[in-house]
Amino acid sequence: MSQQGWASPGPAAMAALGVAAIGFGFSFLGKVPLEGVPLLAGWLVAAFIVQLLTAIVELKEGHMTGGNVMLFFSAFFMLATGIGMYVKYLMIGKGVIPYTVVEGYLWMSGALFLTLLTPAYARGSSALMFIMVCLVDVALWMIVGMDTKWFGNPEILKPLAGYLLILVGLCGNYLGAAAIVNGAFGKVLLPVPGPVVKG
């Protein structure tokens with residue numbers, strides 16, 4: 001029996017982030033009608049499972065930044081949002097208008113946390129990962145503005161946030177695939193840039 005430890009589930013977490021971000025992106029672009037919301041919510045719950053398992057492994061291996069961010073994403077970016085989408089779907093079906101300002105308050109905390117920890121991704125992570133986190137920061141603050149109605153025109157911010165999240169999703173899929181393909185061949189076939197801050 002092999003004594004080798006577990007392989008990293010990081011690539012699967014990147015793919016799960018890709019699924020969630022692309023789903024959000026098309027939702028913000030108005031491409032997900034009300035009838036599609038429960039399906040999107042189900043996929044977000046699936047992404048939550050992948051991110052949660054990855055977070056546990058990453059934290060066990062001592063990866064403070066990645067493990068905590070994946071744990072945070074699994075809980076709020078995926079599970080809470082998926083449940084929230086489904087609850088809003090049920091409310092609308094009963095003629096109740098959801099008070100989404102509450103989500104804006106909560107996302108403000110999440111956006112602040114992620115923005116403050118973003119510099120950690122400049123060191124030790126791929127520059128592409130750092131860019132992804134920066135894009136998520138911007139998209140989250142746009143969502144805060146729209147949900148709280150404190151700032152920004154939703155007609156402008158909503159599609160911008162949508163395109164940013166789709167870009168994040170595509171980058172996540174690339175990073176996940178690159179880790180697997182490059183590992184399988186033992187050489188770089190899908191190039192990934194090094195960290196912004198070296199050393």
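Even glycines carry a Cβ here, placed using N, Cα and C.
Taken from TrEMBL, the feature transmembrane segment covers 12-30 (among others).
What TrEMBL lists as transmembrane segment is 37-57 (among others).
For the transmembrane segment (69-92), the list of distant contacts is 13, 16-17, 20, 24, 34, 37-38, 40-45, 47-48, 51-52, 54-56, 58-59, 98, 100, 103, 106, 110, 113-114, 117, 133: same-chain residues at least six beyond its ends, Cβ to Cβ under 8 Å. Look at TrEMBL and you will find 69-92 (among others) tagged as transmembrane segment.
Summarising the annotation, TrEMBL assigns transmembrane segment to 104-122 (among others).
Sequence annotations record features per position, and here TrEMBL assigns transmembrane segment to 128-148 (among others).
If you look up TrEMBL, you'll see 160-185 (among others) marked as transmembrane segment. Using a Cβ-Cβ cut-off under 8 Å and counting only residues 6 or more beyond its ends in the same chain, the transmembrane segment (160-185) has close neighbours at 8, 10-15, 17-29, 126, 128-129, 131-132, 135-136, 138-139, 142-143, 146, 191-192.
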Exercise. Residues sitting near the transmembrane segment (12-30): Cβ under 8 Å, six or more positions beyond its termini, same chain?
Worked result: 40, 43-44, 46-47, 50-51, 54-55, 70, 73, 77-78, 81, 136, 158-159, 161-173, 175-177, 179
For this session: Please indicate, using numbers and ranges, the residues of the same chain that are 6 or more beyond the transmembrane segment (37-57) and have a C-beta under 8 Å from a C-beta there.
Result: 6, 8-10, 12-13, 15-17, 19-20, 23, 27, 67-68, 70-71, 73-75, 78-79, 81-83, 85-86, 88-89
